[in-house]
Amino acid sequence: MLASSSRIRAAWTRVLLLPLLLAGPGGCLSRQELFPFGPGQGDLELEDGDDLVSPALELSGALRFYDRSDIDSVYVTTNGIIATSEPPAKESHPGLFPPTFGAIGPFLADLDTTDGLGKVYYREDLSPSITQRAAECVHRGFPEISFQPSSAVVVTWESVAPYQGPSRDLDQEGKRNTFQAVLASSDSSSYAIFLYPEDGLQFHTTFSKKENHQVPAVVAFSQGSVGFLWKSNGAFNIFANDRESIENLAKSSNSGQQGVWVFEIGSPVTTNGVVPADVILGSEDGAEYDDEDEDYDLVTTRLGLEDVGTTPFSYKALRRGGADTYSVPSVLSPRRAATERPLGPPTERTRSFQLAVETFHQQHPQVIDVDEVEETGVGSPQRVNGKVKGRIFVGSSQIPVVFENTDLHSYVVMNHGRSYTAISTIPETVGYSLLPLAPVGGIIGWMFAVEQDGFKNGFSITGGEFTRQAEVTFVGHPGKLVIKQRFSGIDEHGHLTIDTELEGHVPQIPFGSSVHIEPYTELYHYSTSVITSSSTREYTVTEPEREGAAPSRVYTYQWRQTITFQECVHDDSRPALPSTQQLSVDSVFVLYNQEERILRYALSNSIGPVREGSPDALQNPCYIGTHGCDTNAACRPGPRTQFTCECSIGFRGDGRTCYEVEKTRCQHEREHILGAAGAADPQRPIPPGLFVPECDAHGHYAPTQCHGSTGYCWCVDGDGREVEGTRTRPGMTPPCLSTVAPPIHQGPAVPTAVIPLPPGTHLLFAQTGKIERLPLEGNTMRKTEAKAFLHVPAKVIIGLAFDCVDKMVYWTDITEPSIGRASLHGGEPTTIVRQDLGSPEGIAVDHLGRNIFWTDSNLDRIEVAKLDGTQRRVLFETDLVNPRGIVTDSVRGNLYWTDWNRDNPKIETSYMDGTNRRILVQDDLGLPNGLTFDAFSSQLCWVDAGTSRAECLNPSQPSRRKVLEGLQYPFAVTSYGKNLYYTDWKMNSVVALDLAISKETDAFQPHKQTRLYGITAALSQCPQGHNYCSVNNGGCTHLCLATPGSRTCRCPDNTLGVDCIERK
């Protein structure tokens, strides 16, 4: 393992250095060395414009691609793709990868040839000069292969421009890209040759219409969707998808000639994936890398049913080193001859390649489609056919969705216990909301579950003739769903027959959502002619991505079922059944296809004893269904057989008995507006022009409200009133804060005492009801050692600041609201300010003058107080709209703060006594959220969620520096050493940004995926320096407020009768 890691590190080092150290034959590829192109070569020309697709280019001979050998036409697009089938209109611009169509992408990006900004040429060429040149390129990359093509498709993107989006990027003005793809084919194989001439790639990112920001181009291949009845993503390969790799395309090579890349795309060895050439740049006679020196993982993921729920992947998820990058053994070795077929299991050892290859998790590649099960060689399937009818109320709708005579078809792979169930013509008004009901098809899985010795599945017990009635209660949702199923045994065709009836209520799941169900176990209790089972399960709903974020929530339902059958009491030879058996279900997959109106469930099942260590083995009432909690309550297991009952959201009581509470103000307002507009049915679209407030899961006003017709968004307070200065233009979302803490679940009490920090420097960051610590070693985040520092579950902590003298952390809480503090050495936290606060957000500490400063975006003011919260004084209460970030320069006596007022965002400064107030930065700001001052370098830096930038300046100098663009949604920032560390709302991560090289170098994503707020550095020692308040409080009776080279003595507000002296 260590040796392998060393080889991988060596490979990366060599990959990054090769473009600098080695030069291929003749140096860089010149534009004159491209394959001849243009009208003079007989090329066809793609119409000028954006997101265009050519007519079909009919081929004289078949193109081979992955496992296909019958492609007789291709399509050329503006966006750097050669498609093997016509791209659907909804995929005309780059968005998600892999696409549903077969794609060959030498530079997949949003390109634009509008108004003559470049040309796209294409042709099929049968001339000997072109086919011979293609053969030479392939031979350089695969010297062991004898290949003589009979035809070549030549596609050239000449001087094409990047799509700029609504606001033009000045850095990309005038930049153009030129590159070429050649697809060479013989009777037995096809190869792709990508050519990138010197200075041919002048830009590496384009504006994404989906992400609304710049994204890197991609070099990739995709088989497209495969399967007939069950569609799933086929194999796909991504060879470059970040700026560094794209920049290397013209500098490096995998074929020995700089700027030329060769791939085997269609032959007996590419069934599962494209094979890249592997010749070292600058090597003689096609010398290759030694297997023992370097490794890479080839992306060849043929996704089965269970994988569809996690794909497709968006570009932003395909970043090297990101949380969505996985390692999987390569399916093919590039060294295998083209005539060989892969033998045995996939190999873990593969050859090296100059660009990073993203790899994706693969679980069950052996089964792709339901209609392919019989050809997979994994066991004969059992078919189940039947009818389904339903009468279902979705969400709060008073009108049921009714369907009858709907077909149900199921396959079961017998020796794997895997069942695939499809229910057709399910109305889209209810289809997504039925996704959590995998047990509808799960009963078929129980019927044919793999049997362990001495245990029997449902068919062995019932013979396929029984009645099942199940009751599903969705926690927090009124009503129930009743499922009745009757199995009538095997018909004359050998198929099991089933009739299903669904009636009742289900929560609404938004259109386009996906549902994920973790593997689970369930106990079946047996007695004469009766089988019972009950359990509590969770499922995760991920809504469609909006504004770059995909909301995800976990829900719970309780499941009770009774199965009755006619037992043969006279069969003495039959062994007695265990009174309890455990059904284990994994690889759960659920999908609703809106276009085909088909609902699909797939599960793997086995039946056996109660496994030691499983939750069921504890016989906890929550697991075995004997808890007695109200149907509108959740059962929460405790130690051994202990448990508690907790009423669901919208209900109150002791858990044994729960009653519905009154609707919230937000819910009442929403229902009133919809009812008046005749749009009370949640399945009907909201009429254009109508604003309907959004309520969160607990019925409170969502902190961010948006008008669906105009696209404008704004922040609201707890009563739904718009917060002044927060309304943003379409396409920009304001950084609104929720003023309501999430409900506290009943259960073991979480200690509020501080968990002491070990020595050293730490990052402290806030995440709703807690503060976490992340140790630093130099500038490296020791992510495995991250732990909670303080639990305060009833609070929403926003701002953080650190006092390096007393080792004390300070925070703002917008729920109470209040300001608190706690010692890093341990002990209980204390609240130091709780009166006369609106929405305290940013907070800063003057460690020399022993004062705290904070911003209040509700009261629109900035205040100062002593470290214990006493002696409060308002510094500013005019010309503030949304003040947030605030920092101090203790040595020089300066104060800095941000105001993200949508109409006039700015960064201001003053002396700590409030004098000499002035605007420091006003131009080219969007939503300046976080602010930090580095006492060591005297740099003031900020992160802006509107411009998606990090910037810095020295306050004593006028110039400012753009450190990095393309940030996701930064909120707060702190500095330490050479790095900035900022929290990001879209990634739910702490991101490290190296100021020296203007590059993000690392990211930490906490286990709990919720918004991160304030961040500060808990320094092991204070910066050197002093101010005029450092000694004896500057001689002041009360507040000592430092100024450059002096100090001012100020009295607190409301100090009548107090012996206080003000002086400068």
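The backbone N, Cα and C atoms fix where each Cβ goes, glycine too.
Feature annotations, reproduced from TrEMBL:
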{"type": "SIGNAL", "residues": "1-30", "note": "signal peptide"}
{"type": "DOMAIN", "residues": "106-268", "note": "domain 'NIDO'"}
{"type": "DOMAIN", "residues": "380-617", "note": "domain 'Nidogen G2 beta-barrel'"}
{"type": "DOMAIN", "residues": "618-659", "note": "domain 'EGF-like'"}
{"type": "DOMAIN", "residues": "663-736", "note": "domain 'Thyroglobulin type-1'"}
{"type": "DISULFID", "residues": "Cys706-Cys713", "note": "disulfide bond"}
{"type": "REPEAT", "residues": "807-849", "note": "repeat 'LDL-receptor class B'"}
{"type": "REPEAT", "residues": "850-892", "note": "repeat 'LDL-receptor class B'"}
{"type": "REPEAT", "residues": "893-937", "note": "repeat 'LDL-receptor class B'"}
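Sequence-distant contacts of the repeat 'LDL-receptor class B' (850-892) (same chain, at least 6 residues past either end, Cβ-Cβ under 8 Å): 717, 723-726, 799, 801, 803, 805-806, 808, 810, 812, 819, 821, 832-833, 836-844, 898-904, 910, 912-914, 917, 928-933, 935, 938, 940, 942, 955, 972-973, 1023, 1025-1027, 1029, 1033, 1038-1042, 1044, 1050-1053.
Taking the repeat 'LDL-receptor class B' (893-937) as a whole, pLDDT averages 94 in the prediction. Across the repeat 'LDL-receptor class B' (893-937), DSSP classifies residues as 0 helix, 23 strand, 22 coil. For the repeat 'LDL-receptor class B' (893-937), same-chain residues at least 6 beyond its ends with a Cβ under 8 Å from one of its own Cβ atoms are 725-728, 732, 734-735, 842, 844, 846, 849, 851, 853, 855, 862, 864, 875-876, 880-887, 943-948, 953, 955, 960, 970-975, 980, 982-983, 1015, 1023, 1025, 1027-1028, 1041-1048, 1050. The DSSP breakdown of the repeat 'LDL-receptor class B' (850-892), given as helix, strand and coil counts, is 0 helix, 23 strand, 20 coil. Across the domain 'Thyroglobulin type-1' (663-736), DSSP assigns 12 helix, 11 strand, 51 coil.
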